[in-house]
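So that you can see what the record holds, here are the features copied from Swiss-Prot:
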BINDING   74-79, 108-112, 132-133, 145, 154, 172-175  NAD(+) binding site
BINDING   187, 250, 267  Zn(2+) binding site
């Protein structure tokens, strides 16, 4: 029997458990609410089909689940409506009814595609998240945000659709290329900058242990991030105010991802640079102390994350992408800025010249 830590995302009738442990995807009772005789569709990508898919697929089949599968292409460039329609087609071809369950086995891209498909198939079916990347384990799998990209903007087509459960198996991280592990750390550091100075200090002391996949350090890291996000979602499920703080660095970072072409920059890499730009903006405005800015910079560098944007992307070219950000209201850009380590706020009416200067400092 594996040791499983459990958290609960409290959202009334949409509440669901988060299970965290090592080697837990083959535990008999882990796939709640599935039961023998239920229909399910496993959604994964070509890479994980060779690494992890059989562990889940055959375990569920042996458990009496009527399991089918659809294997998608791997990469951010495939987070599209066309790829999502492949899931819908597989559900229809295999005659899945409204009581089916989609199971997302993969990183943020698979989670988004499967979650969005679950939200629209026959007006909504259940889905289970099994995140396999650090980025998806600490962030993307929790909270119910699902989306696909558009050529003009990232995550512009989507919905809020909460999973029935989230199963975080730390052993899945062993399948990750090292740069993907590092990329995921950007979201971990984001939580610390925005919400928890003590956690930031802990990261400064334990970053090497996390990156070496030390079980104790990684378990604590993932659980802490999930706790912070769960608390926030319970207060603001649909990102009307507080939850938007989780977008630290994303307004700048998404501009990099779209401009460079989806998949050319890993999401966490772009967010790392975006957080540097946001921190520099805050410093220029007189909010963030220089000593805190430098601590953020040093931790990102020690993690192996980039702190400078693409050399072929001018500061001015960021602005059109940033104006298409989902936080824009009535034509006014809103940015999440750190005020200190452990505290952030949303600001609008920021002088564009300050934003441009902050971007130039990070090129």
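Even glycines carry a Cβ here, placed using N, Cα and C.
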For residue 133 (NAD(+) binding site), the nonlocal same-chain Cβ neighbours (under 8 Å, six or more residues apart) come out as 106, 107, 108, 172, 173, 176, 180, 184
Same chain, |i - j| six or more, Cβ under 8 Å of residue 74 (NAD(+) binding site); the result in sequence order is 45, 46, 47, 48, 109
Per DSSP (helix/strand/coil reduction), residue 77 (NAD(+) binding site) sits in helix
Residue 111 (NAD(+) binding site) to residue 187 (Zn(2+) binding site), Cα to Cα, whole Å, comes out at 16
Cβ atoms other than its own within 10 Å of the Cβ of residue 172 (NAD(+) binding site), all chains, total 27
Counting Cβ atoms within 10 Å of each Cβ, the densest environment among the binding-site residues 108, 111 belongs to 111
Same chain, |i - j| six or more, Cβ under 8 Å of residue 267 (Zn(2+) binding site); the result in sequence order is 76, 108, 135, 183, 186, 253, 257
For residue 77 (NAD(+) binding site) and residue 250 (Zn(2+) binding site), the CA-to-CA distance in whole Å is 18
